[in-house]
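Taken verbatim from Swiss-Prot:
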- 38-67: FAD binding site (BINDING)
- 1-20: signal peptide (SIGNAL)
Amino acid sequence: MNPTKLFLVFVAFAFAIINALPVCRQGTFDPDYNGIPDYIIVGSGPGGSRAVQQCIAKGHKCTLVERGYDYFEVPYVQTPSASFLVYSSPAVRYASTVSAKNLFNLTVNAIEANVVGGASSINGLIVVITDIDNFYRELNITGWSYEELLPRYLELMTSLNRPEHTGPLDVSDTPVSDPAYQAYRNAIRQVFPNIPERLPDMNTAFANQNGTNFPGFGPPETSTKTTYMNFAGANVPIVSYRESAYMAFVHPIRNHPNFRLMTRSRVDKVVFDVCKTRARKVIVTATNYFGSQYQCELTARYGIVLAAGAIRTPQILLQSGIGPANELSALGISVVKNLTDVGRHLDDHPTIVRQYIGPIPDNYYSANINGHAYWNYQDNASVIPNWAMQIAGVPGINFKTVLSVLQIRNHVVQ
């Protein structure tokens with residue numbers, strides 16, 4: 001080889017070494033940190049937790065990368081009744097969008113999980129089987145129809161109302177005799193006298209009807225694992241804790257030799273090969289226990305699974321060069337794939353939840369028991385017409401959660 005060319009190759013090689021990021025040691029396997037995982041799963045919410053469980057079950061070495069804290073670093077997430085403590089803890093991050101044109105240039109505030117288990121570690125513990133309309137049967141994608149996926153949903157759960165299934169996720173039912181549910185039902189009947197009640201619970205009714213003719217209400221199942229003890233022939237609940245995705249899927253494999261967990265580690269981008277066809281490396285910004293940040297990289301032998309949620313997954317894709325080419329180029333991001341819909345069409349949650357503290361208005365219908373349920377046929381006519389169910393919290397603390405079914409017709413949402 002020409003000496004000049006040899007020198008240039010040497011310089012390029014040296015430059016690459018000098019600028020290379022260190023290996024993310026927390027995500028490797030061998031003592032010398034050269035043992036790379038077979039797969040990297042980004043995000044430890046329900047999707048990522050289930051993915052890593054299946055990854056280990058198939059005999060692979062798998063690293064789960066989570067931006068937030070380890071599960072037991074935030075003790076409140078284990079207690080079902082401690083939501084108000086969770087929302088003021090490090091398990092939660094608060095984010096705001098930029099002004100959105102389709103929302104009259106208003107911003108949207110979002111609560112994001114910042115702990116292993118993702119949203120399942122901080123949410124309202126309601127277990128809902130995805131509605132049949134969300135399976136996109138018109139796309140005719142093999143293996144993803146409602147009929148094919150419903151058995152998989154059922155196989156994930158262990159429920160008193162579906163004893164034929166024993167999955168890793170324990171769910172608890174809400175008895176029809178529960179005073180809070182009775183108040184809820186009475187309130188609904190006052191406003192919607194003809195709406196059908198779905199028993200023994202919403203999920204079982206949905207499964208029994210094959211997802212057809214489903215609109216209605218019923219007792220919810222909750223993602224709590226409850227231990228019962230028999231007293232005088234009756235099963236009495238003794239203790240209950242949150243059955244998060246972490247507890248159901250990750251905790252049982254926590255000490256498996258093929259499993260690694262990186263916490264406080266934010267994936268900034270996915271790195272593709274020169275042909276822009278394969279991705280086997282992620283760039284990570286990690287935070288140590290002293291609060292100092294550093295960048296590192298982690299390589300997978302076979303592939304990377306993005307399961308960082310409805311907000312952060314498209315963000316990582318965009319930062320990696322996958323998205324609207326003109327917008328990426330304007331930001332100086334090298335385009336890997338022009339996909340115009342990435343980062344758009346966000347559809348993340350079936351309800352709108354509003355919480356506030358204040359007196360109970362006199363014009364509310366109410367079932368007057370502890371855990372009051374209130375209905376107001378028009379919450380604020382000057383802003384938006386809607387139906388609003390309100391459930392008061394702990395007696396003595398007038399804290400109400402509002403679930404709204406919005407009927408929007410050219411009104412500003414505030």
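Glycine too: its Cβ is placed from the backbone N, Cα and C atoms.
Positions of Swiss-Prot features highlighted on the structure.
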{"residue": "Asp38", "record": "FAD binding site", "Cβ contacts under 8 Å, 6 or more apart": "Cys55, His60, Lys61, Cys62, Ala300, Arg301, Tyr302"}
{"residue": "Val42", "record": "FAD binding site", "Cβ contacts under 8 Å, 6 or more apart": "Gly48, Val65, Val267, Val282, Ile304, Val305, Leu306, Ala307, Ala308, Ile316"}
{"residue": "Pro46", "record": "FAD binding site", "Cβ contacts under 8 Å, 6 or more apart": "Gly118, Ala119, Ser120, Ala245"}
{"residue": "Arg50", "record": "FAD binding site", "Cβ contacts under 8 Å, 6 or more apart": "Leu156, Ala245, Phe249"}
{"residue": "Gln54", "record": "FAD binding site", "Cβ contacts under 8 Å, 6 or more apart": "none"}
{"residue": "Lys58", "record": "FAD binding site", "Cβ contacts under 8 Å, 6 or more apart": "none"}
{"residue": "Glu66", "record": "FAD binding site", "Cβ contacts under 8 Å, 6 or more apart": "Gly43, Ser44, Gly48, Val115, Val116, Leu261, Met262, Thr263, Arg264, Ser265"}
- Query: What is the total of other Cβ atoms whose distance to the Cβ of Cys62 (FAD binding site) is within 10 Å?
  - Reply: 27
- Note on the structure: What DSSP gives for Val42 (FAD binding site), in three states, is strand
